Amino acid sequence: MAKKSMIVKAAREPKFKVRGYTRCQICGRPHSVIRDFGICRVCFRKMANEGLIPGVRKSSW
């Protein structure tokens with residue numbers, strides 16, 4: 001779980017546009033965020049396994 005202070009800091013508009021970064025909407029994790037869904041890989045995997053993301057299924061070949 002991300003620190004509350006960092007989540008609040010990331011929510012503010014940065015002074016320069018390039019300083020902005022994505023955070024997971026669920027847990028606040030700053031790394032490995034899947035932009036299409038707005039969540040990190042950990043939350044994505046958990047939600048996909050629970051069937052909460054429509055159209056996503058585990059691949060097998």
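Just so it is clear, glycine is given a Cβ too, placed from its N, Cα and C backbone atoms.
Feature annotations, courtesy of Swiss-Prot:
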type: BINDING; residues: Cys24, Cys27, Cys40, Cys43; note: Zn(2+) binding site
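Features recorded in Swiss-Prot, as mapped to the structure shown.
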residue: Cys24; record: Zn(2+) binding site; Cβ within 10 Å: 22
residue: Cys27; record: Zn(2+) binding site; Cβ within 10 Å: 14
residue: Cys40; record: Zn(2+) binding site; Cβ within 10 Å: 23
residue: Cys43; record: Zn(2+) binding site; Cβ within 10 Å: 20
According to DSSP, does Cys40 (Zn(2+) binding site) fall in a helix, a strand, or coil? strand
May I have the list of same-chain residues other than Cys24, Cys27, Cys40, Cys43 whose Cβ is within 8 Å of the Cβ centroid of the recorded Zn(2+) site, in sequence order? Arg23, Gln25, Ile26, Gly28, Arg29, Val33, Ile39, Arg41, Val42, Phe44
